[in-house]
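Taken from Swiss-Prot as is:
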| type | residues | note |
| --- | --- | --- |
| ACT_SITE | C187 | active site, thioimide intermediate |
| ACT_SITE | D194 | active site, proton donor |
| BINDING | I86, E87, S88, H226, E227 | substrate binding site |
| BINDING | S88, K89, R255, G256 | NADPH binding site |
Amino acid sequence: MNYNDKSLSALKLGQKTEYKSEYDPTLLQPVPRKLNRDGLGITEQQPFDRGADVWTCYELSWLNENGLPQVAIADVAIDFRSENLIESKSFKLYLNSFNQTKFASLEQVEQTLAKDLSQCASGQVSVKVYKLSAYTQQPIVDFAGECIDEQDIQIDSYEFSNEHLASVAEGEVVEETLVSHLLKSNCLITSQPDWGSVQIHYVGKKLNREKLLRYLVSFREHNEFHEQCVERIFIDLIQFTQPEKLTVYARYTRRGGLDINPFRSNFESVPQNLRMARQ
C-alpha cells in the first residue's frame, strides 16, 4: 500500500478535530479499496464474490421535531464491491453531527444514513436503525466452530508473515469451521490496537491448527485497517491452501461507539448481524 497516498494523508485519524453537533455529511471520508487490493492482487474478478463490511453504530442520537433527543442503534452493511471503505473516525464524527439536528422520524434518519454512506463508499450500503427496545433481547453469542486458541505452543515472533501457512493444508478434504479470538492488529494510521475474533469456514484439505494460529498471531504488530486484514487472510488462505470454498469473517471490538465486522466469502451470503462477548 502507498502510505503517502493523498487519500490517507487527508484523513482525520490521529489529528485533533472539532466535533460538530449539526448534520454535516461532508465529514465522511472515503479510503479507496484499490490502495490495498492492488498489492494483494485483488481485481474486479475478486477471489471472493460475496461480502460486506458490517458496522454496528451504538452512539446514534438526534432530535425529533419537538426538540426531544432520540437514541437508537444502527446496523450498516457496506457492500464489498463499493469503490471505497469508510474511515472510522470520520464515520464517528459524521454520526455525532446528528446530535443537535431535527429529523421527522426514525425512517428519515435511516434514509439519510443510507444516502450519505452510499455516496461516500461509491457503492451499495444498507442501513437499519433500531429503537433500543429492539436490542434488549439480543443475546451475546460466540462464533460457531472449533476454537484453536488453547494450543500449547511457543511464540517468539510477532512480525507478520504468511509463510506460517506453508504446508498448512494437509490430509483429506473436509468441511469445517475454525475460530480464533486472538486476532489483533493495529490501525494503519494511528497504530492503536484493534482486537477481534475471526471465523474461517472452508471446504478443502484439512488445515494444521498450529500453523494457522501462528499465522493469525503474526498480525499482532501489523498495521492495516480491519477490512484489509480480512481480505489479506482470505487471499493468503486461497494462495496457500487452494480451498474449494472459503469464508473469512471477523468481528472487532468497539471503538468510538462503532464496531466493524468484515465478511468475505466465495460461497456464503452475509449473515445477520450479531453481538459477541467483547462487543
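Placed from the backbone N, Cα and C atoms, the Cβ positions cover glycine too.
On the structure: features taken from Swiss-Prot.
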{"residue": "I86", "record": "substrate binding site", "contacts (Cβ under 8 Å, 6+ apart)": "L28, Q29, P30, V31, D53, I78, L117, C120, A121"}
{"residue": "D194", "record": "active site, proton donor", "contacts (Cβ under 8 Å, 6+ apart)": "K184, S185, N186, C187, H226, C229, Y252, T253, R255"}
{"residue": "E227", "record": "substrate binding site", "contacts (Cβ under 8 Å, 6+ apart)": "R33, D53, L85, I260, P262"}
{"residue": "G256", "record": "NADPH binding site", "contacts (Cβ under 8 Å, 6+ apart)": "E59, S88, K89, K92"}
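Around E87 (substrate binding site), taking its Cβ as the centre, 23 other Cβ atoms fall within 10 Å, counting all chains.
Same-chain neighbours of the substrate site beyond I86, E87, S88, H226, E227, judged by a C-beta within 8 angstroms of the site's C-beta center, are, in sequence order, V31, D53, L85, F91, F225, I260. Secondary structure at G256 (NADPH binding site), as computed by DSSP, is coil.
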